[in-house]
Amino acid sequence: MSKRSLSSLGAEDLCGKRVLVRVDFNVPLGDEGLITDDTRIRAALPTINDLLDKSARVILSAHFGRPKGQVNETMRLTAVAQRLSELLGKTVVKTESCIGAEAKSKVDAMSNGDVVLLENVRFISGEEKNDTEFAKELASLAEVYVNDAFGAAHRAHASTEGVTKFLSPCVAGYLMEKELKYLQGAIDQPQSPLAAIVGGSKVSSKIGVLESLIDKCDKIIVGGGMIFTFYKARGLSVGNSLVEEDKLELASALEKKAQEKGVEFLLPTDVVLADNFSPDANSKLSKVDAISEGWMGLDIGSESVELFQNALKDCKTVIWNGPMGVFEFEKFANGTNAIANTLAELSAQGCCTIIGGGDSVAAVEKAGLAKKMSHISTGGGASLELLEGKVLPGVSALDDA
């Protein structure tokens, strides 16, 4: 699905134009109300700076938290406006509401190269309902639309989908374009062999991804808590490990489907067991067919790491979504860290490594390896849905290339 990008618009198209840019500024805040990680704000800078270079009037729209359609003083974008001003080296004017007379007057007062940040769009109930009247009023502030919020592209909300009916052209920003290039590209036209590493605690949250990837991958590597549902489906004893009893048949069906398609479907051969779920639990290594009663698996073992490393050796594209174990506990982070290091080494050898959102991004960042990967996705749910082969409303609403 090829979409028109901001790069197709020159200064002659944008000079003096009011451009509504949907960004993803849903950043973490600390106790003092200060931003603890500004990655998402920085990720939007290429798009914002390009518009400023082309003398546009930049109107930014963003959500923060889940205020449920009401004003929540702790969810205002004040800290974001301040940080963005520092990063851009210029004043960013923030509105008190994203629509209404005050927002309109601040937009009307803009000169070329100015930046206005509209207040949290989710303060208005019409945002998440994709209300046409709200979308129309939001769109009336601008003439051109740019969506650079990949992390919100799986939502059909007023600021991601509704506004496109009232603005033209509607194009993808540079972050959105990069996300689609890597994630969509890896699925539609991968350099093969293509491997997917799927982790996380529950099969249920990754069913769609696994089903979709079995059709596209040469190899699938499964780790994290969900492995125990597969083991139990095979008739193995899993002790106190996490199991989704209602997904046993599905686990068997997924393995069978992979086998029928000739896809290498790899599960760990050994696991690190713990006697309780805590960072200082007693631990021991065990083969998967000898898991002790009363113990639970919290990481993959060293033999499994080697098995997975060998399987990945010849791959040209690797997508990773979900950790191998409870990496938040140092004792059970080895499997996840080993995979992160392996992918960093593969990247250096020319393999395209894509970290597909969520906890695996946190794991790679914690290991200090983020810069060594080909692409780190900024979208959690959006990445997952794209990997599932779903159409993202915020993307399909943009102009075709």
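A Cβ is built for glycine as well, from the same backbone N, Cα and C atoms used for every other residue.
Copied from Swiss-Prot, the annotated features are:
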BINDING   D24, F25, N26, R40, H63, F64, G65, R66, R122, R155  substrate binding site
BINDING   K206, G297, E328, G357, G358, D359, S360  ATP binding site
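Location within the structure of each feature annotated in Swiss-Prot.
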residue: D24; record: substrate binding site; DSSP (3 states): coil
residue: H63; record: substrate binding site; DSSP (3 states): coil
residue: R122; record: substrate binding site; DSSP (3 states): helix
residue: K206; record: ATP binding site; DSSP (3 states): helix
residue: G297; record: ATP binding site; DSSP (3 states): strand
residue: E328; record: ATP binding site; DSSP (3 states): coil
residue: G358; record: ATP binding site; DSSP (3 states): coil
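The distance from the Cα of S360 (ATP binding site) to the Cα of D24 (substrate binding site) comes to 19 Å. Cα separation, G297 (ATP binding site) to G65 (substrate binding site), rounded: 33 Å. A distance of 18 Å separates the Cα atom of G358 (ATP binding site) from that of H63 (substrate binding site).
Note on N26 (substrate binding site): other Cβ atoms within 10 Å of its Cβ, all shown chains, come to 18.
Considering other CB atoms within 10 Å as the measure, the emptiest surroundings among the binding-site residues E328, D359 are those of E328. Nearest in space to D24 (substrate binding site), taking C-alpha to C-alpha distance over the binding-site residues K206, E328, D359, is D359. Here the binding-site residues are H63, R122, K206, and the one ringed by the most other CB atoms within 10 angstroms is H63. Long-range Cβ contacts of G65 (substrate binding site) within its own chain (separation 6+, distance under 8 Å): N26, N72, T74, M75, N120, R122. S360 (ATP binding site) counts 31 other C-beta atoms within 10 Å of its own C-beta, drawing on all protein chains shown. Of the residues the record lists as binding substrate, namely D24, F25, N26, R40, H63, F64, G65, R66, R122, R155, the two whose Cα atoms sit farthest apart are 18 Å from each other.
For H63 (substrate binding site) paired with E328 (ATP binding site), the C-alpha to C-alpha distance reads 28 Å.
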